[in-house]
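Take a look at the structure below.
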């Protein structure tokens, strides 16, 4: 055979930490921010292993991972894991020590953001109101619609707690990620057991987009903001619909706060 090329340092390892959710919560921001850390190597794309590609096996999953040194942690993110029934058991079977990160935001805002994203790809879908209610005059919310279902965090969390203790799950506030990115990322670094390297000096606020950007990205040393699809202007929703949704989510939110011991102040 031909002479081997220069060996790249490091080994492909299964992730020690996974950002498991939630969609439209701020998971991409967390991934982009944490990968600035020299002790973290992150997979840029979503592998969807524990929901769509599980049949391909752990070796296939490992092959996707970036190479790491012994001192580095491998991280991946796929926000749909949080609402996938089989994901907690499958991740537990890979390693019961896996650290899990869940980025949550106000479920009403999250649902509108989710709908806005879908609308940009499929402009002919029904209205937000039409999809939200099974019967609007009775205030019956359609919990089978994914955009609504994802925000019922307390329900999904129960599946995870059957396999993982709360001490292995870290909840990031999607709201605070915008107002205080360094503070939220400080807690993420503590949770991962790595030095607090990512601080205020890494961020600046982009007024046009309405959220923080990195002063220097991992790859280029140039400022880095999230892609065009982030920070879209949300669809205007009837305030009465928003009020009905707030009422719907309130008991789920309270249960979630009680379970995780953290008040996200979405009320």
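Backbone N, Cα and C define each Cβ position, glycine as well.
Please treat TrEMBL annotations as automatic predictions, because they have not gone through curation.
Taken from TrEMBL as is:
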DOMAIN    15-250  domain 'Sulfotransferase'
BINDING   24, 25, 26, 27, 28, 105, 113, 230, 231, 232, 233, 234  3'-phosphoadenylyl sulfate binding site
ACT_SITE  24  active site, for sulfotransferase activity
DISULFID  213-225  disulfide bond
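Other C-beta atoms found within 10 angstroms of the C-beta of residue 26 (3'-phosphoadenylyl sulfate binding site) number 27, with every protein chain shown included. All protein chains considered, the CB of residue 233 (3'-phosphoadenylyl sulfate binding site) has 7 other CB atoms within 10 Å.
Counting other Cβ atoms within 10 Å of each Cβ, the binding-site residues 24, 28 show the lowest value at 28. There are 22 other Cβ atoms within 10 Å of the Cβ belonging to residue 113 (3'-phosphoadenylyl sulfate binding site). Taking only the Cα positions, the spacing between residue 26 (3'-phosphoadenylyl sulfate binding site) and residue 213 (disulfide bond) is 13 angstrom. You'll find the Cα of residue 28 (3'-phosphoadenylyl sulfate binding site) roughly 11 Å from the Cα of residue 225 (disulfide bond). Residue 225 (disulfide bond): 18 other CB atoms within 10 A of its CB, across all protein chains.
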